[in-house]
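Some features that Swiss-Prot has for this protein:
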- T15, G16, G17, N127, R166, S191, I245, A264, L265, T266, V267, S268, E269, Q290: UDP-N-acetyl-alpha-D-glucosamine binding site (BINDING)
Amino acid sequence: MAADGKNVLIMAGGTGGHVFPALACAREFQARGYTVHWLGTPRGIENELVPQAGLSLHLIQVSGLRGKGKLSLLKAPFTLVKAVLQARRIIGQLKPVCVIGFGGYVTGPGGVAARLCGVPLVIHEQNARAGTANRLLVPLSARVCEAFPGTFEAGEKLRTTGNPVRPELFMDAQRAPLGERRARLLVMGGSLGAEPLNKLLPKALSEVPADLRPEVFHQAGKHHAPITAERYQEAGVEAQVEPFIKDMAHAYGWADLVVCRAGALTVSELAAAGLPSMLVPLPHAIDDHQTHNAQYLAREGAAFLMPQATTGAAQLAERLNEVLMQPEKLNTMARTARRLAKPSATSTVVDICLEVAHG
């Protein structure tokens, strides 16, 4: 454990969308000489990623309430009180200079515990529509960080920081001009793959004239890659189909255009990489937050927002034809995306934490 005044506690869990920005900030804290501790739950992705990063992981027992049965709802107050007490004990032992929450079920009880312990609390919201825990923690927080403007009501506590993303994504890709080669299309469905995109893209690309058709790299997910490759073959479209993308910086650097979902981190990475996109938000995301994320890029002309319910192969093919016939349009979208990026997000979030920690 670090000497007094050098511990920081990060709260983040559940999904990569919460954990990866938190890890970026953890590395920045460490670079400034702080020891980072992590508060999570036993079921989230943090159980794998945080120890891999060499950080101390502390666990509390808490889960979400949406969609639970009556018995779980009746138990909820007792479960939450227990989780707050667990978090308060951990905070009391660590004595961090500040606590920062990035979302996930752990953030609610952890944030309350921070307030009870008198430790400054900072929250960071990755999505354009704030999650329940972060909305409830605003009154308890010393600072509120939002990735996208307008997520929270304006106030003295609020800072628009952007999402912390990997610094290598901001490097300019060395590509030949579009007019001198075929365009390159990157299709991403997340680690599990997005089956609607896996079905849609082969059909849509078959309707793009062969002389205009781009090179295709399609990340289809572990269980969907073989059948997706078959669909491309049946459609007469050449494509490289893979279950995962191991090097996202390389994939972004290769691409001229991306078709994907609109998770908060993905949207921020597209801006960082300066990539135009066609965003198909996950239709059943909580509070429809992916649509709100997509609007951040679409409103400024850096992306096309294409709702899944109204986007078929014909509509997607029409949009692809439109931009592939106008390389300068893609270039303009790319410049707009890069303008919307927040390259200093990680250092800004850490600056805010240390500002409230040390006055």
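Cβ atoms here come from the backbone N, Cα and C positions, even for glycine.
Within 10 Å of the C-beta of V267 (UDP-N-acetyl-alpha-D-glucosamine binding site) there are 33 other C-beta atoms, taking all protein chains into account. Neighbour counts of Cβ atoms within 10 Å were taken for the binding-site residues I245, L265; the minimum is at I245. V267 (UDP-N-acetyl-alpha-D-glucosamine binding site) falls within a helical segment according to DSSP. For T15 (UDP-N-acetyl-alpha-D-glucosamine binding site), other Cβ atoms within 10 Å of its Cβ number 18.
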